[in-house]
Amino acid sequence: MNLVVDIGNTSVKVAVFQDAELLEKTSFSLKDFSEKISEIKKKYPQTGAAILSSVVKDVKNEVNLLQKGLYFLQLSPDLALPFRNCYATPLTLGKDRIALAAAAVAAFPQKNVLVIDAGTCITYDFKNAKEEYLGGSISPGLEMRFKALHKFTANLPLLTTEEDVKLIGDSTKSSILSGVVNGMLDEIDGTINAYRSKYEDLTVIFTGGDEQFLSMRLKNGIFANSNFLLEGLNYILEFNRTQ
Ligand SMILES: Nc1ncnc2c1ncn2[C@@H]1O[C@H](COP(=O)(O)OP(=O)(O)O)[C@@H](O)[C@H]1O
Ligand SMILES: CC(C)(COP(=O)(O)O)[C@@H](O)C(=O)NCCC(=O)O
């Protein structure tokens, strides 16, 4: 069994895999890391290996806890990866984005794949049919957009998202909701369209904390998969163990 851990800027996601099957998934705040990981390790004593992807600074304590008694890998560009990394600055590439590209290779070999991860930030990651990772883009996520409008103005309240979003906002609240949510959807649909005009046979995967809220509102057809990053990490772990 494998313990797979993704530390993002908002939350920690953890899954236990038996081969390629996900047995359990949980998410929690980084401050609860020690308690939650100890619980999972106790519940699955058969766990033999673990992998960590982190995009936050200083995870020494988390690494120490995870690697105790396990074969352990921390995701870095030095690991064996199932794609050629064409990013101009591979050392600064987010580890989460490496995992997403690996998941794209594992799930859709020899296909052009765009992975959209709507988390703290939205990341767009593209790998082509030749298993080359070319890069993508980074933009502010849903919560970050609401926070930015509040933080950098004197008059705008801090909102969170709601189900009912109008096109024409007729109040401060509905105007902010329209700008943030419709703006984000147009960005995502526009980006998918731009990739589709370059790569006709494009597969699009949508994942991340805001996957459910956003994916049902998109005009483009996408595959929603909330476990995609964790599946990519599990694949990298197995890929390196069997090298
Ligand atoms: N319970 C929750 N706590 C925090 N964020 C949440 C929650 N539910 C949904 N979200 C949304 O998920 C986003 C974070 O997604 P996540 O995939 O956890 O990010 P990251 O991988 O960057 O840690 C936030 O922008 C927020 O809009
Ligand atoms: C872009 C990110 C902040 C996204 O993090 P997340 O929203 O998943 O927490 C992360 O992938 C990162 O720190 N990237 C480094 C820069 C780069 O990928 O080029």
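In case you wondered, yes, glycine gets a Cβ from its N, Cα and C as well.
Listed by TrEMBL as binding ATP are D6, I7, G8, N9, T10, S11, V12, K13; the candidate from T120, T123, T153 that the record includes in that site is T120. Checking each of the binding-site residues (D6, T10, V12, D117, T120) against K95 (substrate binding site), the C-alpha distance stays within 10 Å for D6.
Measuring Cα to Cα from G8 (ATP binding site), none of the binding-site residues Y87, R97, D117, T172 fall within 10 Å. Candidate binding-site residues: T10, G94, R97, T120. Those with a Cβ under 6 Å from ligand 1, in sequence order, are T10, T120. Sitting within 8 Å of the Cβ centre of D6, I7, G8, N9, T10, S11, V12, K13, T120, and not among those site residues for ATP, are the Cβ atoms of S27, L30, V55, V56, G119, G209.
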